[in-house]
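Note sheet for the following structure.
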Amino acid sequence: LCCRFDVYRKVPKDLSQATTTGAVISICSVIFIVFLFLSELALFISHEVVSELTVEDPVKHSEKIPVFVNITLPKMKCEYLGLDIQDDMGRHEVGFQDNTQKEEINEGAGCRFESHFMINKVPGNFHVSTHSSQSQPDDPDMSHTIHKVRFGMDLGEGKSVAGSFNPLENVDKTKGQSFATHDYIVKIVPSVYEDSSGNIRFPYQYTYSYREVVQFGHGGRMMPAIWFRYDLSPITVRYKEKWKPFYTFLTTICAIVGGTFTVAGIIDSCIFTASEVFKKAELGKLT
């Protein structure tokens with residue numbers, strides 16, 4: 001009685017026929033299934049990063065944003081260079097020295113400039129200039145290559161998301177006019193990255209526009225500088241690592257196996273039927 005409930009009815013072996021075509025299709029189907037299975041397994045064991053937009057301040061415990069700058073100026077001596085910081089809260093520092101390193105290059109004719117500092121969460125600017133130097137160079141040339149300008153925390157090793165966390169990396173402005181001021185207008189977007197272990201980091205993305213201009217004042221041509229004028233966006237981008245649930249992996253595998261064998265069975269049936277019709281036609285038995 002229980003056999004009546006068997007939906008997987010069996011065909012006796014003496015009523016089935018093995019063919020070379022069926023064997024080839026079966027082998028190809030197994031190879032195809034293994035390939036898709038391994039592909040899905042690789043996707044399952046790797047996490048995915050989902051993002052959403054919110055309107056908030058993600059770092060409520062701090063009113064400041066860390067900034068890291070690394071620039072090479074091949075035609076400006078280190079002795080003339082300094083960092084100036086200004087913002088809408090009244091901050092005005094000329095010749096910022098803390099966490100600032102200057103390394104001579106090109107036999108002392110150029111400088112590798114690096115600094116790590118904090119800015120307030122208000123519009124402002126920071127610029128590399130000669131304003132803090134007691135003497136000014138005769139032929140100032142602020143042509144440069146930017147290696148890194150980072151706002152907020154570093155995203156971390158092995159983290160890769162679609163975003164603009166360091167769009168100024170390797171920007172080369174060494175071919176510009178020697179007396180030109182380089183002006184970068186930067187729009188900062190707060191970001192939050194939460195990994196699969198619940199650890200949270202606060203990197204900041206940014207976009208920028210650029211202009212090069214030779215400035216003149218009442219006393220003639222003004223000393224050039226490298227300006228970074230920044231403003232903050234009210235929108236925060238949140239990234240979160242997520243693992244795919246096991247049931248989606250299981251559903252996909254069942255679909256791969258079942259779908260492959262179903263399609264393979266249809267192909268094999270069509271080929272077998274066509275071959276039988278062709279054989280009958282050769283024997284003159286096709287009516």
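One-based numbering along the chain as shown.
Glycine too: its Cβ is placed from the backbone N, Cα and C atoms.
According to TrEMBL, the protein has these features:
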DOMAIN    4-93  domain 'Endoplasmic reticulum vesicle transporter N-terminal'
TRANSMEM  18-38  transmembrane segment
DOMAIN    101-268  domain 'Endoplasmic reticulum vesicle transporter C-terminal'
TRANSMEM  246-267  transmembrane segment
- For the transmembrane segment (246-267), distant same-chain residues with Cβ under 8 A (at least six beyond the ends): 25-26, 28-29, 32-33, 36-37, 40-41, 44
- Query: Which residue counts does DSSP yield for the domain 'Endoplasmic reticulum vesicle transporter N-terminal' (4-93) in the helix, strand and coil classes, in that order?
  - Reply: 34 helix, 26 strand, 30 coil
